[in-house]
Amino acid sequence: MSRSHQEQPLLADSFIEEDEAQETAYDSSEKIVVVGVDESDNEDNWGRVPPFSWKKLWLYTGPGFLMSIAFLDPGNLEGDLQAGAIAGYSLLWLLMWATAMGLLIQLLSARLGVVTGKHLAELCREEYPPWARRVLWIMAELALIGSDIQEVIGSAIAIRILSHGVVPLWAGVVITALDCFIFLFLENYGVRTLEAFFAVLIGVMAISFAWMFGEAKPSGKELLLGVLIPKLSSKTIQQAVGVVGCLIMPHNVFLHSALVQSRQVDRSKKGRVQEALNYYSIESTLALVVSFIINIFVTTVFAKGFYGSELANSIGLVNAGQYLEETYGGGLFPILYIWGIGLLAAGQSSTITGTYAGQFIMGGFLNLRLKKWMRALITRSCAIFPTMIVALIFDTSEESLDVLNEWLNVLQSVQIPFALIPLLCLVSKEQIMGTFRIGAVLKVFCHSILHFDLTGHFSDAVISLCI
């Protein structure tokens, strides 16, 4: 590995100006300037972390919630409902700790982006030889396409539910493809407008699944025991590894390292960098707490309605709404449509963030200075065409869609090392991170997460495909 500049980061005399010829996540005009009451530029204050400010926390809030969408995509919802239906409340503790492990990985991604001023794809292009960065780029694109197929299919299923079966799966895929234009439209109005849109979608998910939770009335005692007391039986191994396996998404690691650059941070001042890291840590933690609560809503609803029943082993995204309707009835507002609205919000938000991630991955690895609408269309097309083929082939077969989902999980598991290993290598290098590099203990712990998540994906796929 070679680096064109060996200067130590975070020193005033070695502050590296961004090269205008290089592709960047955000132009300087797009970045949000974080303003507070402690904006002194005195040299004595360069190493001091400014005091906490609620105003600054609000200005830094956004990237973590966009990142948290990956913890709420249709693949995660399917893992939640299957865990609840087959394992009941017993895997809630694992959901909590898996979310915590995912948070650690995302904090490292944010750390890399804030300290270096570049995202993971850009650094891979700079730090690795041509053959290696080509491999990393191809693997990142394959991971993005695989996850996008699951997310678009999830949106298409939701559209079919809400249209009462009138809109077929392939037509739902076409409708979902239009979210590319929603993304481009919102991006013209700035970063905060885009973040507000995602906040609304997360709110829709929270309200929908909280409504379902209220309709189902799961046991509060069983929920609390499930979160606090670790319990795992041989009959729920598949669901356990599925809960862990679907949380760490390769493209999300690239995405978060880019999203944090939407805020203007003076990297020549150590105190300002540490301040940004502190606020992003708080914001990301809050975002994943919200995602954890939403995942609990879904898991416990299906635990209350289907655990121990004959339907438990056959439930999936395609038929979940129908089974919910049969179990809980219509009510004031049919639970089938509540589920459909929540699933649609999950699918649409995750596909749009996939488009966002695709722009950063393509631009970072290839250093392409294309117009954003062109990059978005190219990224979207790479995912929509294979998804359309999938929709046409598997439209009439629910079982085939489940098998496809397992193979896509295999694909995701193969891609994980190609995102996490470069991340861990880069954040532990002093010449890149300076005083902000991670220590040996944290590095070993992160490697154990990588091994556990990788084997979890493979185990989940192999068990499912062999049954």
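Glycine residues also receive a Cβ, built from the backbone N, Cα and C atoms like all the rest.
Between the stretches 50-71, 336-357, TrEMBL puts its transmembrane segment entry on 336-357. Contact check: the transmembrane segment (240-259) against the transmembrane segment (92-114) gives at least three Cβ pairs closer than 8 Å, residues 6 or more apart, which meets the contact criterion.
When Cβ-Cβ distances under 8 Å to the transmembrane segment (280-303) are tallied for each of 92-114, 167-186, 193-214, 336-357, the top count falls to 92-114. When Cβ-Cβ distances below 8 Å are used as the criterion, the transmembrane segment (336-357) is approached by residues 66, 69-70, 72-74, 76-77, 144, 147-148, 151-152, 154-159, 161-162, 176, 179-180, 182-183, 198, 201-202, 204-205, 208-209, 211-212, 215, 251-252, 254-255, 258, 317, 320-322, 324-325, 376, 379-380, 383 of the same chain, each at least six residues removed from its ends.
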